[in-house]
Amino acid sequence: MNKSISSAIPATNTPRKSEFHIPSLDGIRTVAILLVFVSHTAYGHYVPGGLGVTIFFFLSGYLITTLLRKEYIKNNSIDIRHFYLRRFFRIWPNFYFVLLITTVLTIYKILPGDIQLMPFLAQILHYTNYYTAFYGPGGTAIGTGSYWSLAVEEHYYLLFPFIYISMLKLNLSAKVQALVFLFICLVILAWRYYLVNYVGVDMLRTYTTSDTRFDSLLFGCILAVYKNPVLDDISRHDFKLKYILLPLGILLLIVSLVFRGESFRETFRYTLQCIALFPIFISAIRFYDWGFFKLLNYKAVSFFGVLSYSFYLEHYAILGYFKHETNLPPYLAAVLGFGLAWLLAYLMHIGIEKPFNRLRKRFI
């Protein structure tokens, strides 16, 4: 067995002994949220914000499945009730708080825009990705249009545990589980290709809807069930991973960004990016104290990753305010927007996330 997860945690960011912590994941969250943030500023055409979202999806699929797998190894069962309680306490308090505040500020014209009933209901009920894809954006508080990605994850949380538990009950091997997930990913790729090249849908349909983006999460699930760097022994592949597969993964990621054809971007791009993320994620976790990956585990970098969810929820509204309600130059709006978003994310971490985390422990 490869070294235990507790021994794989860098001293610069050591959590309490009772916590299950995977090295580099918080740092990867930081990289992803920075890509998203810059893409939402005036300099967005230089930065692939969509890649940041794909990284978040892959990470979520990997982490959630790893936690479920770990629970099954320990208890020979998975508690669905506890799973949904954890998701509820982690996601909904911050989400509804920011949605309420931005909506009220929009109604009172402090933030630009207008609120319409149906788009607002779509946000509340977590189908805003489909509403936006079929009826177009607008009718919601400024900066909340990016909540489509949360809807994708909510739909994943709704379906995936039952699929995974069914696989475990059927005693499918790790390799077969991975092949099932891979087959679904290929079906989704074929579905995207059909929608783009034969139906002629626009980018919103393929970029934001769950049926066309679930594969980004499922690729992370594949890594979790087969050759998981924290649950399986893959040490014999270290040299090949570090000096062959990792460079190839980085190269493939670059290739996915260089090719700009619309059909490629909305079909194969997501698949290639997820394939590229395999060696990058494995290397970041296994070689957490090597090269660039060491930076991912610095305390400040990791802590920003902890704040990334709250930061994601409110940063776009802040940038929207500076863009539409002030005459600040773009670089200053970006700097001030970042600082204010970080401060509010920290306050939400202290005032909402921590209290609800304590409350969660009373139920689980």
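Glycine residues also receive a Cβ, built from the backbone N, Cα and C atoms like all the rest.
What TrEMBL says about this one:
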DOMAIN    23-348  domain 'Acyltransferase 3'
TRANSMEM  20-40  transmembrane segment
TRANSMEM  46-68  transmembrane segment
TRANSMEM  89-111  transmembrane segment
TRANSMEM  178-194  transmembrane segment
TRANSMEM  243-261  transmembrane segment
TRANSMEM  267-288  transmembrane segment
TRANSMEM  300-319  transmembrane segment
TRANSMEM  331-352  transmembrane segment
Task: Listed stretch, out of 178-194, 300-319, 331-352, that has the most CB pairs under 8 angstroms to the transmembrane segment (20-40) - done: 300-319
Task: Any contact, the transmembrane segment (243-261) to the transmembrane segment (178-194), with at least 3 Cβ pairs under 8 A - done: no
Open item on the list: Does the transmembrane segment (267-288) come close to the transmembrane segment (46-68), meaning at least 3 CB pairs under 8 Å for residues 6 or more apart?
Closed with: yes
TODO: Count the CB pairs under 8 A between the transmembrane segment (300-319) and each of 178-194, 267-288, 331-352, then give me the winner.
DONE: 331-352
- [ ] Find the average pLDDT over the domain 'Acyltransferase 3' (23-348) in the predicted model and report it.
- [x] 96
